[in-house]
């Protein structure tokens, strides 16, 4: 076990950012322009400033240099080796007793005083649907006897999302307007502010190295194309979605905003939290060969605890803390991240550094583990009762949704992702 | 009528690029880097070189300067006024008898010696489905009695496409591989090269000025956000599509490549070819207020003749010209381009300069006017017989599909779009 402590005191025992995490992001210090940094405890290490000290050499310096320009796309494009070199060097520099700590300390900013931006310019954003319990829960609302469609256990279902409205945690979520379903069969739609506004708890995946158009990425090379992970809230307007989505899928019901936690937790930091893919239930089909190999089954899944908290305007006014309304896990993914990459590129589709995947909503099978209000309230039929005495069928103006993630494994220092927050503001 | 001739002799009577068109694009002259140019007859006017001559001033110079950097995004962002100023100045400089023609002539390249690139970096690509005859033809294959879904006449149906694989005319189209529908009910899918490869004839729309996230673009301002138009081939793998598309829409069946004609025909060049929106058939609903105003109905539609040609490998070997297999028109759009812009942003979705819309397949109601083989061959059941003695149900390796467009109106010089070509190469 790597129990190494840091001379950055706040890092030791930090819920999200101990020395063992070292996620990258883009931050602006007070009055400064956006730049790349690494989260360590309650501080952010400025990579440009660190590079200027001369304490980075070789691949680590190459990696830090590629982080310049206020976005991490160039860093993502480098692939694993330089990323790992930077990680190892930062780990040494930030470790307890390191001789250069006086110099490195001058490169730190207090995170609470900085503003976070998106870590990269997103070329394309793809949202998958691989949380099988969510697919079952939603399918049951429409087809109680046969919730999963015939393709579900063969195809990692996904669709293209809107890249232009992906925003970092903290960006207000304006309630969208749109067409809503007719009140009566055969009638015309309504129009107005969404009345069934929802969140969706997802894992975000940052693509690293890309592929040329026309070339597929084989499953056993797929991990080399993943740079890191974040939390993703796929805000959803259920009424708009129900009316618009046939036959080509969700569109305006999702494209008003998608929120991300701003730190890129690297594939290397998550290594200790990899696990075997859950065995497919008896009767489930064997995946096609391009989606299956033994190594991916043995260690291609991730064990990340996920939680959703809700704080209403009333709770804030009363000084009440946010209430946890869901506790889930990435183990509910029916396909591994490597399988998503292999599937996405099997037709020759080009992936590029800074492309973003969403996993799809990650719900568990039981109440208390659902990743959307659609599931928690059974489509709005069963209100969610809150400790504050309030209840919710869908989100109201002033509600704030907070996503968190935590990685725990025996003999390992736990790490987290930081928060993905968004507060609902009234329609304009 | 503006019958003005140009001193560029090839422009006079040119099918696509007379003086009245002046579309913009990004080209590379032999051995040179990509740069912005304007098509005039069989030549391309180098805008950077022209700017350097000092012949552009004021808004026209501002517009030309914004074209620098090998992409037109900055130019698109400027909006209509500078674009119009540049157009008017170029029209003067290229007109017969202009005193500066010796200087301008030095800025010309022969188009046949240049390579075309995409005109802009595409942030997001949205594909609509507003060709109502196509929607009916495709719907009939699944629901003979009720081809259009209940939302069709209320919602300009659209979905997000893949931006990373949009390519300029001439880029080879590699046959994609993927999962194909089970041979028997309840069976597992097949896997291999697509066996039902198709084209889709569409109008492409380039977004100019964008909007802030959270702000809607009202219908009466929507035209200000459109920079220009092109042809778009939404290549489609019908077997992959049939298996994957439920419930979230087409994905890998479309994302392997999308081809564009490389010239941006400006909104100003198309002004003479605007027309009234076809009256809605008796019984069709009135659009919701955000999608309706009298001016848009009166002159918001476009009258552009569209054609599809096919040349097989055998035809090339025999020296046979490409055969026209469809003749259609943009008047089959159920919604105007302004309505698409207003709808896309009604939820606050941010549009950005260089975003691309596809209209959806534009078919007429009658045989000979269909914009895809799916329709021409009734889903592969009725082979298309070619004059070469060959037949096609879907596209074969070596087939080349060519899209063309032509604008004709009484008393107007006709203009065209240039070609959108793509030749199928075997799966890898």
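From the backbone N, Cα and C atoms, a Cβ is placed for every residue, glycine too.
Copied from TrEMBL, the annotated features are:
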- A:134: active site, proton acceptor (ACT_SITE)
- A:127, A:200, A:202, A:234: Ca(2+) binding site (BINDING)
- A:129, A:143, A:241, A:245, A:361: substrate binding site (BINDING)
- A:234, A:254, A:258: Mg(2+) binding site (BINDING)
- A:20-119: domain 'Fumarylacetoacetase N-terminal' (DOMAIN)
- A:133-424: domain 'Fumarylacetoacetase-like C-terminal' (DOMAIN)
- A:165-191: region 'Disordered' (REGION)
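The binding-site residues listed here (A:127, A:143, A:241, A:245, A:258, A:361) include A:361 as those with a Cα within 10 A of the Cα of the residue listed as 'active site, proton acceptor'. Of all the binding-site residues in the record (A:241, A:245, A:361), the one with the smallest CA separation from residue A:127 (Ca(2+) binding site) is A:361.
Cβ neighbour density within 10 Å is lowest for A:234 among the binding-site residues A:202, A:234. Here the region 'Disordered' (A:165-191) has long-range neighbours at 116-118, 122, 125, 197, 235, 237, 239-240, 242-244, 252-253, 255-262, 356, 397, 418-428, meaning same-chain residues at least 6 beyond its ends whose C-beta is under 8 angstroms from one of its own. With DSSP classes pooled into helix, strand and coil, the tally for the domain 'Fumarylacetoacetase N-terminal' (A:20-119) is 43 helix, 22 strand, 35 coil. Cβ neighbour count for residue A:134 (active site, proton acceptor) (all protein chains, 10 Å cutoff from its Cβ): 26. Residue A:245 (substrate binding site) sits 11 Å from residue A:254 (Mg(2+) binding site), taking the Cα positions as reference. Annotated pair residue A:143 (substrate binding site) and residue A:254 (Mg(2+) binding site), C-alpha to C-alpha distance, rounded: 23 Å.
Looking only at the binding-site residues A:234, A:254, A:258, the one with its C-alpha closest to residue A:241 (substrate binding site) is A:254. Ranked by Cβ neighbours within 10 A across all protein chains shown, the binding-site residues A:241, A:361 are led by A:361.
The Mg(2+) site, placed at the center of the C-beta atoms of A:234, A:254, A:258, has further neighbours from the same chain whose C-beta lies within 8 angstroms: A:127, A:161, A:162, A:200, A:232, A:233, A:235, A:236, A:255, A:257, A:358. Filtering of the binding-site residues A:129, A:200, A:241, A:254, A:258, A:361 by Cβ separation from chain B (threshold: under 8 Å) yields A:129, ordered along the sequence.
Of the recorded residues, residue A:234 (Ca(2+) binding site) and residue A:258 (Mg(2+) binding site) place their C-alpha atoms 5 Å from one another.
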